[in-house]
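Per Swiss-Prot, the features are:
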BINDING   Cys5, Cys8, Cys17, Cys23  [4Fe-4S] cluster binding site
BINDING   His250, Glu274, Cys319, Cys405, Cys433, Cys458, Glu492, Lys494  hybrid [4Fe-2O-2S] cluster binding site
MOD_RES   Cys405  cysteine persulfide
Amino acid sequence: MGMFCNQCEQAAKGVGCEIMGVCGKNPEVAALQDLMLYGLKGLAIYADKARELGARDEAIDLFMIEGLFTTVTNVDFDPVSLAGKLRTCYDMKEKAKSLYETAYREKNGGHAPAIAAGPAAWVIASDLEGLVKQGLEHGINTHHTDADVRSAIEILIYGLKGMAAYADHAYILGKKDEEVFAFFHKAMAATADPAKGLMDFVGLSMECGKLNIKVMGMLNEGHVDHYGHPVPTKVPTGTRRNKGILVSGHDLRMLEELLKQTAGKGIDIYTHGEMLPAHGYPGLKQKYPHLYGNFGGAWQDQAKEFPLFPGAIIFNTNCIQRPADSYKDRLFSWGQVGWPGVKHISGWDFSEVINKALECPELADAPEKEILTGFGHNAVLGVADKVIEGVKAGAIKHFFLIGGCDGAKPGRNYYTELAEKVPQDCVILTLACGKYRFNKLEFGDIGGIPRLLDIGQCNDAYSALQIALALANAFNCGVNDLPLSMILSWYEQKAVVILLSLLHLGIRNIKIGPSLPAFVTPNVLNFLVENFNLGPITTVEADLKAALGQ
């Protein structure tokens with residue numbers, strides 16, 4: 001069995017990647033990531049059984065999160081790195097097995113029932129070639145023989161991957177939760193249970209969406225505890241004469257540590273992609289004046305943009321792509337990120353990155369326009385009275401949430417055109433890197449409220465939900481009754497879990513694009529349409545008319 005991967009929006013031919021991943025993933029890496037999922041299922045089976053007996057181990061819990069995060073699109077492409085993580089996965093599975101057996105013996109006496117087959121019985125291969133061979137035996141098409149059940153399993157697993165990314169960020173900020181840890185194990189163990197059926201996995205996916213709201217809330221709390229509530233902030237998109245380091249990814253804690261270590265060294269720090277919202281946090285922007293600006297746009301343009309940045313560049317999460325030789329020697333990875341030949345920084349010492357930046361040429365004085373960020377729920381709800389007054393007076397007719405992941409497909413210019421054609425009496429909320437499709441355009445304001453409100457990163461969907469729930473409360477109605485339309489773009493698994501969170505809340509009439517997930521079968525799609533009226537984007541004109549009830 002060869003490579004097959006369909007987890008992202010760019011799945012080849014709308015079906016799946018079988019020769020080489022559009023993301024850059026080769027068959028070797030795909031096999032190692034498939035084996036990671038298989039190993040994590042084995043770990044989960046034992047950890048779940050141990051938990052039922054009152055035994056748990058935080059190291060096992062944390063590895064489940066890190067292991068899932070590793071397999072998110074555009075995170076780790078390094079076979080050597082993945083092989084090392086697989087060895088840790090096996091060790092953690094065996095540790096969970098011992099934990100279960102000990103807990104069983106202490107409670108019941110005697111030996112625990114042995115599990116002789118499946119992922120719990122996995123024995124790791126001794127070398128990289130053997131690991132790849134094992135991975136090829138456990139691809140996603142082996143998850144279930146029934147296509148619809150397999151589709152439901154994939155939705156759950158991709159939701160778990162997305163939630164794992166957020167849980168990892170939250171953990172780094174000191175936020176963790178026993179219910180969340182337990183669910184990861186329960187859900188992953190369920191994917192290996194042949195007795196589970198379609199509706200079991202639908203239910204688990206809804207539970208995943210529910211818990212993801214909790215995880216996003218934990219991450220929001222971690223950010224606010226460390227850096228304060230975001231405030232509306234103008235961010236330069238040009239450069240100034242100084243040495244520079246460009247930070248791409250999502251992790252604010254890593255950015256903070258880099259800011260500490262570069263203070264007073266004549267180095268400016270620039271954000272890229274999903275790091276842009278960092279400028280809205282007072283504990284970062286106001287505390288560290290060398291956090292200067294945002295360079296470039298969304299992740300898919302890095303091959304064009306990074307050669308133009310003369311300093312050091314570091315990724316702390318996805319989305320890394322194959323680096324060009326023109327900047328590969330200035331590129332670093334951190335956390336779960338990996339690419340063959342790219343220097344990986346373990347821990348919190350960024351001296352290698354700093355030294356590389358000091359060796360590199362200075363950036364030029366090249367001022368460009370400023371863009372606004374920092375409209376988290378605290379900032380928006382701080383002017384809720386104006387917003388409510390604007391709606392009641394008819395000055396604000398409708399809200400559009402236009403955001404999500406960006407990507408390389410030509411059809412994504414739909415979101416630019418949509419934002420441009422939203423009527424002047426409507427407000428646009430945006431988040432994640434999809435905002436780069438239109439965040440340099442001028443939208444003006446309504447009664448002093450900007451028509452474009454950048455809420456933040458993809459995980460700040462939590463803020464968007466708080467805004468929607470507060471408005472619903474103010475107007476004494478449900479979220480579905482608000483003059484609010486959600487037209488979302490997706491690319492990877494964090495978008496999947498955010499969608500699950502929205503569906504858990506019963507939010508209907510969401511449109512997603514530019515294409516529907518390849519892993520959703522027609523029958524599963526029909527279920528989503530019938531129960532949630534979830535649908536694909538069509539044309540800008542038709543979707544606007546539908547949203548505005550015209």
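Cβ atoms here come from the backbone N, Cα and C positions, even for glycine.
As the structure is a computational prediction, the values presented were derived from the model and not from experiment.
Here the features listed in Swiss-Prot are painted onto the structure.
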residue: Cys5; record: [4Fe-4S] cluster binding site; DSSP (3 states): strand
residue: Cys17; record: [4Fe-4S] cluster binding site; DSSP (3 states): strand
residue: Cys23; record: [4Fe-4S] cluster binding site; DSSP (3 states): coil
residue: His250; record: hybrid [4Fe-2O-2S] cluster binding site; DSSP (3 states): coil
residue: Glu274; record: hybrid [4Fe-2O-2S] cluster binding site; DSSP (3 states): helix
residue: Cys319; record: hybrid [4Fe-2O-2S] cluster binding site; DSSP (3 states): coil
residue: Cys405; record: hybrid [4Fe-2O-2S] cluster binding site; DSSP (3 states): coil
residue: Cys433; record: hybrid [4Fe-2O-2S] cluster binding site; DSSP (3 states): helix
residue: Cys458; record: hybrid [4Fe-2O-2S] cluster binding site; DSSP (3 states): helix
Cβ-centroid neighbours of hybrid [4Fe-2O-2S] cluster site His250, Glu274, Cys319, Cys405, Cys433, Cys458, Glu492, Lys494, 8 Å, sequence order: Gly273, Trp299, Asn318, Ala432, Gln457, Tyr491, Ala495
Candidates Cys5, Cys8, Cys17 (binding-site residues) - the one closest to Glu492 (hybrid [4Fe-2O-2S] cluster binding site) by CA: Cys8
Cβ-based neighbourhood (8 Å from the centroid) of the [4Fe-4S] cluster site, residues Cys5, Cys8, Cys17, Cys23 excluded: Asn6, Gln7, Gln10, Ala11, Ala12, Gly16, Gly21, Val22, Lys25, Ala30, Thr73
Cβ neighbours of His250 (hybrid [4Fe-2O-2S] cluster binding site) where a neighbour is any other Cβ within 10 Å: 28
Per DSSP, three-state class assigned to Lys494 (hybrid [4Fe-2O-2S] cluster binding site): helix
Spatial neighbours, same chain, of Cys405 (hybrid [4Fe-2O-2S] cluster binding site) - Cβ under 8 Å, 6+ residues apart: Glu9, Ala432, Cys433, Gly434, Cys458, Ser489, Trp490, Tyr491, Glu492, Lys494, Ala495
Neighbourhood of Cys319 (hybrid [4Fe-2O-2S] cluster binding site), C-beta criterion under 8 angstroms, separation at least six: Thr73, Asn74, Ser248, Gly273, Trp299, Gln300, Glu492
Packing count at Cys17 ([4Fe-4S] cluster binding site) (other Cβ atoms within 10 Å of its Cβ): 22
